[in-house]
Structure formats: C-alpha cells, structure tokens
Amino acid sequence: MSQEKYIMAIDQGTTSSRAIIFNKKGEKVSSSQKEFTQIFPQAGWVEHNANEIWNSVQSVIAGAFIESGVKPNQIEAIGITNQRETTVVWDKKTGLPIYNAIVWQSRQTAPLAEQLKSQGYVEKFHEKTGLIIDAYFSATKVRWILDHVEDAQERAEKGELLFGTIDTWLVWKLTDGAAHVTDYSNAARTMLYNIKELKWDDEILEILNIPKAILPEVRSNSEIYGKTAPFHFYGGEVPISGMAGDQQAALFGQLAFEPGMVKNTYGTGSFIIMNTGEEMQLSENNLLTTIGYGINGKVYYALEGSIFIAGSAIQWLRDGLRMVENSPESEKYARDSHNNDEVYVVPAFTGLGAPYWNQNARGSVFGLTRGTSKEDFIKATLQSIAYQVRDIIDTMQVDTQTAIQVLKVDGGAAMNNFLMQFQADILGIDIARAKNLETTALGAAFLAGLSVGYWKDLDELKLLNETGELFEPSMNESRKEQLYKGWKKAVKATQVFAEVDD
C-alpha cells in the first residue's frame with residue numbers, strides 16, 4: 001500500500017494556493033490550502049507579493065504530505081494550474097521580483113489599454129491573439145512594470161530580467177531557476193502571443209516595446225518541463241509535467257474534449273469556455289478566442305466569456321455588506337425571498353467583462369422599493385451571476401451557430417443549489433454539476449499524469465468522469481424572457497451611468 005503512486009496538483013488561485021494529491025481513480029486523497037494577502041495600493045488596483053505566493057505554495061505542498069501520509073517519492077508527477085494573466089517580473093540572478101505581481105483583476109493599466117485602442121490596434125491584436133485589448137491581460141501589466149520601476153526597461157533589454165505568469169514563476173522556483181517556461185493556455189492570455197502561428201508576436205512586442213529576452217519558452221500542456229530541485233520537494237526530484245491556466249485546466253478536468261462541449265467555473269469570477277476544436281474561430285461578438293489546450297502534437301482552440309465578478313459577489317455580501325456570515329447562507333436567504341424578482345444587481349465592481357467589455361462601468365442596483373428586504377437583495381445578487389452567464393451562452397450560440405444542450409459546471413459557487421436551479425431556468429438548458437468540483441486541479445493532474453504514463457490516454461480519463469447532479473429547467477418561457485429583459489435593461493442603464501460626466 002505504502003508504495004502506491006499519486007499525482008500532485010498545485011492550484012495557485014487568486015486568493016489562495018492549494019496542493020491536492022490525487023489517486024489513479026481521480027479521487028482526492030488530501031489537500032492543503034493557504035490564503036495570502038491581497039494588496040490594494042489604490043482604488044481599482046490589485047496586487048500580490050510573488051514571494052508570498054511562492055511561500056504559500058511551499059506551505060501547502062508540506063500540508064498535503066502531512067495530511068495524507070504520502071511520501072514525496074510516491075508522487076509520480078506534478079501538475080500546475082494557476083490564476084491567469086497575473087504578471088511577475090523578476091531579477092534573473094537574485095530571483096527577486098522587481099515589483100508586486102499585478103493581478104488579472106487590476107485596472108491600473110486601463111489607461112495603457114485605452115491608448116492602444118485609440119492608436120487603432122484593436123483589430124490587429126484581435127486577429128493575432130484572439131483577445132480584446134483590455135487591462136485584464138498581461139501585456140499592459142508588463143509594460144506598466146517596465147515603465148514604473150527604475151531602470152527596468154534597460155535591464156530587460158540587457159537580459160537581466162524575466163517575465164512570467166504565475167505558472168512560469170512557480171516552475172522557475174520549483175526547478176531552482178532551471179526552467180523558464182509557460183504553456184499554450186497561459187501564453188494565449190498574455191496578449192503577446194500569436195495563437196495562430198503559435199509564437200510570441202514580434203510586431204506586438206515592438207508596439208509595446210517589450211524585449212523578447214524576458215519571455216519564457218512556450219510548451220505544450222502535457223510534457224516534462226523540468227524536475228523539482230530536491231531541496232524544494234523534500235529530497236524528491238519529481239517531474240513537473242502538466243500545466244494549464246485555471247480555466248483551461250477546468251475544461252480538461254471536465255473532460256470537454258469534443259468540439260461544442262462547454263464548461264463554466266463559478267470561482268471568484270465566472271469563466272465559460274467552449275471547445276471549438278482544431279480550427280481557430282474569431283468571435284464576432286466580443287468573446288475571446290483562446291487556446292484550450294495543446295496535447296499530443298495538436299492544439300485545440302476555445303471560445304471564452306469572462307465574467308469578472310461571480311463568487312466574489314457573494315464574498316461582497318459577506319465582507320462588504322455583512323448581510324451573510326458565510327457563503328452557503330446566501331442560498332437560505334435567497335429561498336426566503338418572496339418578491340417577484342424585480343430587483344436587479346449589476347455587480348460591475350471592476351467593470352463589465354464579456355460581451356460588454358466596459359471597464360468604466362461600476363456596480364449598480366435597480367428596482368428597489370420600500371418593501372425590498374435583505375433576502376431580496378441577496379437573491380438578486382445570486383441571480384446576477386446567472387444572468388451574466390446567460391449573456392455569454394447566448395453570444396456563444398450566435399458565434400458558433402450551435403445550440404448548446406448542456407452546461408458542465410464546477411467551482412465553489414456551483415455548490416449553491418438555488419443558483420444552479422436558477423441558472424438552468426434562465427438558460428433553458430440542463431446544468432450538469434461535476435461530482436468532483438475540483439475540476440481545475442484535476443485537469444492539471446490529468447495533464448501531468450498523461451505525460452508520464454500514469455494514465456494511458458484520454459479514453460482512460462473518460463471513465464473517471466461522473467456527473468454529480470443534473471439541474472433541469474422548470475421556468476416557463478415567457479417568465480424566463482421577461483426576467484432576462486429586465487436584466488438587459490439594468491445593464492444598459494449601468495453603462496449609461498458610466499458615461500455621464502460631471
């Protein structure tokens with residue numbers, strides 16, 4: 001028994017780091033989690049201390065071993081999945097970051113994004129990267145760090161600095177600087193990578209004046225990138241052999257291997273990804289085209305809709321408004337609401353994501369009356385998550401001319417049965433909740449295990465997939481459309497308010 005082999009997944013998220021050990025059946029054997037500091041230097045800015053992230057990862061690796069009794073030599077391979085777009089620039093020699101990591105949610109580079117738009121680059125960037133010019137992606141964050149840290153541009157040009165998203169930073173640290181690599185899915189979120197030609201785009205690098213020397217090598221999602229330095233893994237030299245950005249890892253963990261399959265992860269934000277197969281398909285309607293994953297010499301593309309605020313809207317109810325003591329309580333309050341769903345919350349706390357891409361919009365509430373209760377407000381906040389998902393699913397169906405039959409769901413807020421049922425109702429399709437909600441970490445584990453032969457092939461993985469619960473729509477068509485029409489009106493009003501000048 002003691003020599004059974006396992007896969008470890010490191011899931012480095014926006015608010016915490018986790019290490020999870022999986023067995024051959026894809027079951028969780030143990031996990032350890034550690035939160036780290038969110039830094040808000042100014043309104044709308046979000047930063048992390050990259051060294052604190054690294055320390056938290058070391059801590060959870062130890063925690064997962066302690067909880068399970070598994071020894072480091074029983075780990076066959078390590079998979080990494082990470083918050084995407086978050087940007088670290090560090091000194092090649094000392095390994096010290098030259099500035100905090102700028103987080104995907106941060107809006108501090110919005111003026112740079114606006115400048116690129118006004119210079120007429122929207123179409124060019126979209127065709128090359130599949131992305132919409134926005135502060136969300138790494139490109140403007142790198143430029144900002146090089147602009148705001150003394151001598152950074154000069155040092156970058158001399159090859160003294162390295163850039164990476166969090167996956168790159170962790171592999172660099174775990175291998176003690178032996179590997180400076182990223183994978184297709186993370187590279188595709190930098191706004192510097194040509195997803196058609198599968199290479200860093202020289203023209204974009206020139207436009208942004210970002211030296212190529214700082215960029216990591218781009219590799220597939222399932223191969224050996226390097227081995228852990230023994231002193232970082234309790235004496236073990238274990239291959240790091242799977243890597244994907246969190247949302248693409250969840251797509252893989254949900255086993256959405258066929259074109260047309262769609263998953264939604266309800267995390268801090270909510271991210272809907274559709275596998276579109278080996279053909280790159282540019283959205284006509286403000287969705288992102290990205291790389292789902294690259295494996296066995298093939299690259300599979302995806303369409304993605306990003307919602308910035310989902311689970312964090314529930315955190316806001318808890319921490320900001322103190323309406324609930326914990327997240328699960330929101331379900332109970334929502335069920336106790338007896339109003340007619342006339343209240344709409346638009347949680348545009350950091351702007352609106354897909355398909356609106358309005359970075360100036362801010363949160364708003366509509367339809368309040370003297371009779372509105374706390375329960376109504378909480379229910380409207382949960383419903384706002386489902387409405388935003390409908391915006392994206394509708395857009396995907398238009399873009400791909402495909403009728404989506406089922407939405408595979410995972411992530412923390414997917415545990416909320418009220419939200420899942422309302423999601424099924426407002427979409428009019430089945431919601432299949434994964435039995436194992438750890439699909440992000442599981443996806444990273446699958447990618448790592450495949451490349452070292454722990455699992456043989458995709459067919460073997462398909463046997464491990466189970467739906468935990470199916471939510472079927474039960475709302476009539478006219479009611480569904482009436483509610484959604486109210487939502488569209490609320491979003492429109494939110495955007496009008498964002499335009500008003502003093």
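Using N, Cα and C of the backbone, Cβ positions are placed for all residues, glycine too.
What Swiss-Prot says about this protein:
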type: BINDING; residues: Thr14, Arg18, Thr268, Gly311, Gly412, Asn416; note: ADP binding site
type: BINDING; residues: Thr14, Thr15, Ser16, Thr268, Gly311, Gln315, Gly412; note: ATP binding site
type: BINDING; residues: Thr14, Arg84, Glu85, Tyr136, Asp246; note: sn-glycerol 3-phosphate binding site
type: BINDING; residues: Arg84, Glu85, Tyr136, Asp246, Gln247; note: glycerol binding site
type: MOD_RES; residues: His232; note: phosphohistidine
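Annotated features taken from Swiss-Prot, shown on the structure.
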residue: Thr15; record: ATP binding site; CB count, 10 Å: 16
residue: Ser16; record: ATP binding site; CB count, 10 Å: 14
residue: Arg18; record: ADP binding site; CB count, 10 Å: 22
residue: Arg84; record: sn-glycerol 3-phosphate binding site; CB count, 10 Å: 27
residue: His232; record: phosphohistidine; CB count, 10 Å: 18
residue: Asp246; record: sn-glycerol 3-phosphate binding site; CB count, 10 Å: 29
residue: Gln247; record: glycerol binding site; CB count, 10 Å: 30
residue: Gly311; record: ADP binding site; CB count, 10 Å: 22
residue: Gln315; record: ATP binding site; CB count, 10 Å: 14
residue: Gly412; record: ADP binding site; CB count, 10 Å: 15
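Thr268 (ADP binding site) counts 23 other C-beta atoms within 10 Å of its own C-beta, drawing on all protein chains shown. His232 (phosphohistidine) sits 29 Å from Thr268 (ADP binding site), taking the CA atoms of both as reference points. Between Gly412 (ADP binding site) and Glu85 (sn-glycerol 3-phosphate binding site), the C-alpha separation comes to 21 Å. In this structure the C-alpha atoms belonging to Glu85 (sn-glycerol 3-phosphate binding site) and Asn416 (ADP binding site) are separated by 28 Å. Across the structure, Tyr136 (sn-glycerol 3-phosphate binding site) and Gly311 (ADP binding site) place their CA atoms 18 angstrom apart. Counting every protein chain shown, the number of other Cβ atoms lying within 10 Å of the Cβ of Tyr136 (sn-glycerol 3-phosphate binding site) is 30. Residue annotation for ATP gives Thr14, Thr15, Ser16, Thr268, Gly311, Gln315, Gly412. The furthest Cα pair among them is separated by 14 Å. For Thr14 (ADP binding site), the number of other Cβ atoms no farther than 10 Å from its own Cβ, over all displayed protein chains, is 21.
Gln247 (glycerol binding site) sits 15 Å from Thr15 (ATP binding site), counting Cα to Cα. In the three-state DSSP classification, Ser16 (ATP binding site) falls within a strand. Proximity note: of the listed binding-site residues (Thr15, Ser16, Arg84, Asp246, Gln315), Thr15, Gln315 have a CA within 10 Å of the CA of Thr268 (ADP binding site), given in sequence order. Arg84 (sn-glycerol 3-phosphate binding site) and Thr15 (ATP binding site) are 13 Å apart (CA-CA, integer value). The binding residues for glycerol are recorded as Arg84, Glu85, Tyr136, Asp246, Gln247; their greatest pairwise CA distance is 15 Å.
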